[in-house]
Amino acid sequence: MKNLSDFEKIARKSKRRNRVKTIFISSIVALFSLGLIMKIMTEVTSHNGNKVKEHYLLMSEIAYPNISYTNWYFTPTSNYSGQFHSDRFKTIDGIEVPYESMNANYSLRIADLEDSAVWQTGNKTASYTHINHYKNPMFFNINHDYSNEDTFQVTKDISIIKEMNKQAVEVAVTFDRGYTYQEIQKKIPDNLLINWYWIGSSGKSDTATLTPDTQYGLKSYDDGKLTEKDFLQFSSNLKTALNKGYINDKGETTYQNGETVKIDSKEEVEDYLSNNKDFSSAKFSGVIITGRAESFAQLENKDWIYASNIGQSVMIQPYHTLTK
């Protein structure tokens, strides 16, 4: 017959077993919860990285005049942070020249959608990237008052290109008004290449101040041509960017003469889509043209050219194969 002491021993053993069981179950739950939290944190970080990538790839289809990318990839900097990177270049009449790389950070908390590599520095007639000082070709707004002292000055760079012997040159040409694709083909000589078509601005803001990621237009094929399918895809991409909130620059600038100019990229892109639904009648306000320096002489003093501004250039070497 068991005495009281035996029952106490049995009770203590039972308590120990229950305590061990409780600790074991609690540990399993804690480890599972920790694993679940880490998985969620990893997925959020990955989501933010993909958010940066999707933004960049879509904007590269509707902006960035004559700027292309060769690759893109992610570089983790910790378990819950990383950097998105893309190497870029420009094509000047078939010659590839370097351009600023794109780097954007992402983490558990942020998705940096700002392309700071294209930020600009310069003076009233020229603009350069702030890292490697690549010259940016500028488009000018025919609706803007460029008589203000504190604004960019309209340039006519085509007249000086003839001094750039043995070079291939990139030039932004701003038209005196909008022209259709077919009208543009008739105006640009066959020995010059159209790399990019600019949709322009319906507002009065100074487009010369815009960074490449906020200048909207579409790339041509290697031969400088476009098709109706290209334009429809471009329009679709613009609508997607609007719906995602990617096109949202808004504000106003007050100049020394007291004039205040509103900036609303969303409204302007919506206006363009509303007024340019068909490829055959769609108007473009400018183009990026590239070619041999001597070929630009044909465009001097053309009344349909409102402004021209040189971008990058490259010395033509014996090993280069030009498109035109």
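The backbone N, Cα and C atoms fix where each Cβ goes, and this holds for glycine too.
According to TrEMBL, the feature domain 'Sigma factor regulator N-terminal' maps to 9-96. Marked as transmembrane segment by TrEMBL: 20-41. Annotation source TrEMBL lists domain 'Sigma factor regulator C-terminal' at 165-312.
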Helix, strand and coil counts within the domain 'Sigma factor regulator C-terminal' (165-312) (DSSP): 47 helix, 51 strand, 50 coil
Helix-strand-coil residue split for the domain 'Sigma factor regulator N-terminal' (9-96), DSSP-based: 54 helix, 26 strand, 8 coil
Model confidence over the domain 'Sigma factor regulator C-terminal' (165-312), averaged pLDDT: 94
